[in-house]
């Protein structure tokens, strides 16, 4: 085996084209497949961008190079220095004839998982051997689209004058008063893993930042075992001052629309590889009220009372009717957290919204309460002690502007963009009730 020494990759596989006929290149990656046929060997090298064929004819290479090629195993790490030779019969209109092959590392055999995708594996097996699973081109395509999604979102926020922030993930109490928190030992105290940056986002509005966003982990100790829930997730959160819930919804529409447009422009190969039925949405999404959603569900035989949260059956009924991306607005105040602003004309209804894709909720937001007295009243009415929120409430005593915001589930949005039916497909190392490794 060789060290990398003075060799450096000159091209990824997708950068080599027939017009480079006669040019010398250095390629590095994994042995995707190997076929040795007497005096001829075919080596398919795979790197991050795809695959490329190296043809090793015994009469055109030295003895050592041919001997190395014949002994290669699947998933060995290799480097090839060779010449591009145009050939209309080759898969991409060219092949590479090696001048030298270096084996940088050997892979054990048999492989516990087949990255070539010729042998199917259950998702639990794939997640157990995730380092091999993510070598698969289709899996890499999912995460390249996810990466472009995050890049696009950051750019949209930056172009809009937002400040990126980082809030604590070790907290002293529940953000929303719930009990679904992971407790941890924090020296002599009890602490929790943060379930939301919500309170900190609002405190920054009191600090005069005007517009902030954060992309970070959240933790929920919910005992779900579904295809759409995880206990550790990435949340894309924003908060804006001197706006209402309609402005927040407009910003969310812009973020989502730009993601679709940027992915279409920058990741066409991944869209094709995943065979996605890609369609950029309209710049504004359909909107229905909670009451209208209830009516749709009831009309489809799903009984739900006004004031109840939407059940899975109700979400499916509404999703079947609406399709695509749409907002549900005007939620019952009792279904929303204490910091959600009720309507002036009817305090049973609040200025909250959910962004749905078919039956899947991908974002939730609202205009927030910015008056101290109302906030204290809401906390008390929900059976919580305002003293537990002392540092948060203090920010509302000395000049808190009207504000609104939302949180968008990055993992769920990636599910939508890549048309996956299990959220675990879109997370490198998912954490759920059963899985804490790798």
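Glycine is no exception: its Cβ is also placed from the backbone N, Cα and C atoms.
For the ATP site, Swiss-Prot gives 220, 221, 222, 228, 229, 230, 409, 410, 411, 412; the one candidate out of 272, 275, 279, 361 that the record lists there too is 361. Record note: among 198-201, 202-205, 206-209, 198-201 is the stretch given as region 'Aspartate' by Swiss-Prot. Tertiary neighbourhood of the region 'Aspartate' (198-201): same-chain residues 165, 167-168, 175-176, 212, 214, 237-239, 337, 339, 389, 392, 405, 407, selected by CB-CB distance under 8 Å and a gap of 6+ residues from either end. Broken down with DSSP, the region 'Aspartate' (198-201) shows 4 helix, 0 strand, 0 coil. The average per-residue pLDDT of the prediction over the region 'Aspartate' (198-201) is 97, rounded to a whole number. Residue 220 (ATP binding site) sits 16 Å from residue 364 (Mg(2+) 2 binding site), taking the C-alpha atoms as the reference points. Site extent for ATP: among the recorded binding residues 220, 221, 222, 228, 229, 230, 361, 409, 410, 411, 412, the largest C-alpha separation is 19 Å.
Around residue 364 (Mg(2+) 2 binding site), the same-chain residues at least 6 positions away in sequence with a Cβ under 8 Å from its Cβ are 352, 353, 354, 355, 406, 407.
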